[in-house]
């Protein structure tokens, strides 16, 4: 039994041997020992046994002496060698030769056959017969390996009181040539005091040749909290190891390192129900969650203020519900002019993008991991792309219409803008999909200002590249908004969209400055609050600017009334189809267009007729105007200020009797008619 063997080792090491060396000359360990490192000495002993079997052991004293001495000096581990000649019938000793190694003298020949013959000295004839008879096995010998043929037997390791050393003996029986002849016995004593008792578990590294493998794994460390740490050069001692706290555990005593000898003693007391110190003092405590190493129970992870985070998440989820409800509201009132001229389809796309941006707060709410980081990147960047691409497409249409310098009518429909918008969204989807499949963002641990760790999504060149692209996109949007700063649109839509673009650029810049310079080591709750503020200042402000005035007009009952200020500045229904009024594609009102064209043609014909008469009067000075006519002195000032008349028939009536005054109209009437 291994525990009995350890107890014998401990008794010998502490010289608490009791009857050992008083009534017993040796004490063996019933523990097998690896003998491969002593195969050289064993093979020489087998060859010597074969030689003596062929030549006999009766009349060759010189040969016996030479063989015993050569076996001793042939290997440094051999402590003693001996050859015995015994009567085959009575097992009485006939002759013996014994050599022993002395550290201060060298090999010496013993005068008595029992010199250093501790373990093989058998007091009884029965014992000698059992030991030396070929084919019989003694419990003093270890089982021989099945794959190797031995001529002799290895004994179990034993402590010899004669030499005060741990020995291992190899014995070879030499059978007699005839039935009642002389048989021989050859024995080697191997000094194994240089071996070491390693009680730790066998690890990935191979066990050293000087360590006893049979006793490995007999340590008494608590495997769940401690691990065995063996220190070489301990020799034959029990508890020649230390129990060290495992990674993630600590102990307030002994700095987490426990002496193996004390643990062995405490274990024995626990087995005998004497004391429970073994479980109380030699077990390590688990560190606080997240601590890889620690010396006490101090926390290593930052704490999350869950009620605070839940309240912010509730606000964000309410915003998502409100935004989706606003989509239904816009769809329900899509035929009202205030929504109709603003392209309801683009309004719906903008609101869906805002809802996705709000969902970022749900993605970063729990303790971050791989999936929450992927959701964070998708909700943030895809929502941004959808929202502000839809807004900038409308602003870009205003810019193109506003900057046109020809009389050609520029007309960009919603379908055409969607065709421009689709490639932008496709590029974003391909980028995010490639990012997710090839190098998905993971959560890494960072420290706050108190040294407490928490997880944050990694930032690498994927983030930086996308950030650069978004900055360039916003720069183009700011340029477009700057180009339309003086443009007039129905319900002031272009200017409100420009304010939303300026706002998102300013908010993102401010939040980056907060994260890098003001709160570089903020805790998880502060970062969550900053994310909430950024979402509200960017997304909620955008929703308020773009949809707030429209909803207010509808609630006031003014949703179907034209923006009088825009119409007074020249934004007519015909111009709205060019994009200034952001009028969506719809069926043209042919009657209204015909009336407007008639009005313009009449004004142009009146101007042409007026200039014709003026040139005729100027080039024919001999013609005198009739008294009271259109070109007399009294009416010249008035007529020159009124080049446009109501209808062409009014100008034609001035040459008829009684029709001269029908073309005389006030300046105020003609001017208002032009406007």
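Each residue, glycine too, has its Cβ placed from N, Cα and C.
Lifted from TrEMBL, the feature list:
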COILED    587-614  coiled coil
DOMAIN    308-555  domain 'G-protein coupled receptors family 3 profile'
TRANSMEM  306-331  transmembrane segment
TRANSMEM  338-358  transmembrane segment
TRANSMEM  378-396  transmembrane segment
TRANSMEM  417-437  transmembrane segment
TRANSMEM  499-519  transmembrane segment
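Sequence-distant contacts of the transmembrane segment (417-437) (same chain, at least 6 residues past either end, Cβ-Cβ under 8 Å): 343, 345-346, 374, 377-378, 381-382, 385-386, 389-390, 393-394, 397, 462, 466.
When each of the listed stretches 306-331, 378-396, 499-519 is scored by C-beta pairs under 8 angstroms to the transmembrane segment (338-358), 378-396 comes out highest.
Packing against the transmembrane segment (306-331) from elsewhere in the chain are residues 339, 344, 347-348, 351-352, 354-355, 358-359, 361-362, 365, 525, 528-529, 532, 535-536, 539-540, 543, 547, 551: each is 6 or more residues past its ends and has a CB under 8 Å from a CB in it. Mean model confidence of the domain 'G-protein coupled receptors family 3 profile' (308-555) amounts to 87 (pLDDT, 0 to 100 scale).
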